[in-house]
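Residues or ranges marked as DNA-binding region by TrEMBL: 69-129. What TrEMBL records for 344-354 is compositional bias 'Acidic residues'. Taken from TrEMBL, the feature domain 'Homeobox' covers 67-128. According to TrEMBL, the feature domain 'TLC' maps to 131-332. Per TrEMBL, the feature region 'Disordered' maps to 337-376. For 39-56, 140-160, 210-229, 264-284, 304-324, the entry in TrEMBL reads transmembrane segment.
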Amino acid sequence: MFQTLYSYFWWERLWLPANVTWADLEDRDGRVYAKASDLYITLPLAFLFLVVRHLFETYVATPLAGLLNVKEKIRLKATPNAVLEKFYAATTKHPKQADVEMLSKKSGCTVRQVERWFRRRRNQDRPSLLKKFREASWRFTFYLIAFIAGMAVIVDKPWFYDLREVWKGYPIQSMLPSQYWYYTIELSFYWSLLFSIASDVKRKDFKEQIIHHVATIILISFSWFANYIRAGTLIMALHDSSDYLLESAKMFNYAGWRNTCNNIFIVFAAVFIITRLVILPFWIMHCTLVYPLDLYPAFFGYYFFNFMMVVLQSLHIFWAYLIIRMAQKFITGKARGGLGSDREETDNSEEEEEAAKNGPLSNGHPILNNNHRKTD
């Protein structure tokens, strides 16, 4: 049974053009070709990335946060209440007015006290500013290094300047060591993002992030199996070109450097739109959709690869809409508190009351929404 499924999965007509077999891609005469087994190493490397990330966040990002004076907001804790806690955990974190009135009767609290309790309880669950800064620092470091490495891999290749060279001789295109390591590191990193997404800061585009990570892993893996390596390296470098700008904007936002954050975000928005909404669809996708048909008839791999490209492009359009809205607010001066969509919930009268008792509260910094390709 397993052998039958294995044979169907690796049926040559799914992965390769007509009249091409796996035998044509066997190593010979010093030429090395991509193999599925090459990617097995990405799973243990993904866990190694998680270890390196922990060490980086502990020994690099945390001290850096201290140098940049990243300060936490003092959060008022919700008073323990079994009735409200049960409703919060089992039903909803945002009760409707009818629910608030019902809970008021059950818990013996006033309606205002119930509303205040849910505000404080939600704020308790929000990730700390330091956690967000550490995550942004890690991604900034990786994306910047990956972009520089990716450009080093492709900038001297003829297909970087002439996209028709991407398909010259396809699929009999040997693999370079630099391409192997570029693919291995990128795929391992995205596996690590997928493994850690449940424990990372949860954003409003959580579902879109999962779709993005899965689609990216599938696209990278498939392009390797089908020897779409030249196109794959171009696509990965294109995506890395803007991501480090977004992460650096987040870092400055958490540090309270609002003007620096806003200026970097405007640059990020411009680079994102140019690369994801212009270069990707009108150059790269044109290259993967049109040029191959001059060399061979369309096959399953051709359709599947371009379908996954459309999925990614759809996510880019969704994120571009959010980015443009935010950029407009910065340009017109309507943005309040930087790139914030995860702000603390406060009540002025409540804060004044607490300030009278305990002194003035420290104001925290607004939170930057993490969208990857993403606004990740």
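Note: Cβ is positioned from N, Cα and C throughout, glycine not excepted.
Beyond the ends of the transmembrane segment (304-324), by six or more residues, the same chain brings 205, 208, 211-212, 215-216, 218-219, 222-223, 226, 228, 235, 268-269, 272-273, 276-277, 280-281, 284-285, 288-289, 369, 371, 373-375 to within a C-beta distance below 8 angstroms of the stretch. Here the transmembrane segment (39-56) has Cβ contacts under 8 Å with residues 137-138, 141, 183-185, 187-189, 191-192, 195-196, 221, 224 of the same chain, all six or more residues outside its ends. Same-chain residues lying 6 or more positions outside the transmembrane segment (264-284) and placing a CB less than 8 Å from one of its CB atoms are 163, 231, 234-235, 238-239, 241-242, 245-246, 248-249, 252, 309, 313, 316-317, 319-320, 323-324, 326-327, 330-331, 339, 373. Helix, strand and coil counts under DSSP for the DNA-binding region (69-129) come to 36 helix, 0 strand, 25 coil. Averaged across the domain 'TLC' (131-332), pLDDT for the predicted model comes to 91.
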